[in-house]
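One structure below.
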Amino acid sequence: MARLNRESVIDAALELLNETGIDGLTTRKLAQKLGIEQPTLYWHVKNKRALLDALAVEILARHHDYSLPAAGESWQSFLRNNAMSFRRALLRYRDGAKVHLGTRPDEKQYDTVETQLRFMTENGFSLRDGLYAISAVSHFTLGAVLEQQEHTAALTDRPAAPDENLPPLLREALQIMDSDDGEQAFLHGLESLIRGFEVQLTALLQIVGGDKLIIPFC
């Protein structure tokens, strides 16, 4: 058997996540997959919550490739690119959004979060508003992926409503939704958020005469 370490535990857990979903991901099943006794696993992960936290960090480390702004990039472009990358990372794994729910920045992510916040304040946001803008986009992305993954999982269990029973606008709306893999609806909502931040920021910068924004939106 290959030497057991934290990386091999995480690799096996990600495989098991894709096989069973988050509800089937247990420390007992993970130990079985690794061919070890459950107490041995506790040397690497103490419980399921610790395992999920580790998976959330690892998913982003492996697949979230736009966590920092590029040189000269606008804040609008960064929020957009960051959200799209975050979405792609969550979609790489079954129940990826559920894994990420309720997590907080890991110590390995502190510098990234600090850089993001500094970038937003350098672009005119107060710390509070920059934080809320980043959080709003993150929460929207997480919710959109959660809904998409839950919808996909439910397709096999829930029969489709007969078209003849649907009102005309609802029927057309469902056709629009069925023709979209979730990306177009996501981008539409994301742009609406960013435009809203633009309006608020522009209005407040005008109030303070173009100086650096130091008052919150609320």
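The count begins at 1 with the first shown residue.
Cβ from N, Cα, C; glycine included.
Lifted from Swiss-Prot, the feature list:
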DOMAIN    3-63  domain 'HTH tetR-type'
DNA_BIND  26-45  DNA-binding region
BINDING   H64, N82  tetracycline binding site
BINDING   H100  Mg(2+) binding site
So if I exclude everything within five residues of the ends of the DNA-binding region (26-45), which remaining residues of that chain have a CB under 8 angstroms from its CBs? That is, six or more out.
1, 4-6, 8-9, 12-13, 15-16, 20, 51, 54
To the nearest whole angstrom, state the Cα distance for the pair N82 (tetracycline binding site) and the residue listed as 'Mg(2+) binding site'.
16
Which Cβ among the binding-site residues (H64, H100) has the fewest C-beta neighbours inside 10 Å?
H64
Residue counts (helix, strand, coil, in that order) that DSSP gives for the domain 'HTH tetR-type' (3-63):
46 helix, 0 strand, 15 coil
Please compute the mean pLDDT of the model over the DNA-binding region (26-45).
92
Enter the number of other CB atoms within 10 angstroms of the CB of N82 (tetracycline binding site).
20
Could you measure between H64 (tetracycline binding site) and H100 (Mg(2+) binding site) for me? Cα positions, answer in whole angstrom.
13
Would you identify the secondary structure of H100 (Mg(2+) binding site) according to DSSP, in three states?
helix
Kindly assign N82 (tetracycline binding site) to one of the three DSSP-derived states: helix, strand or coil.
helix
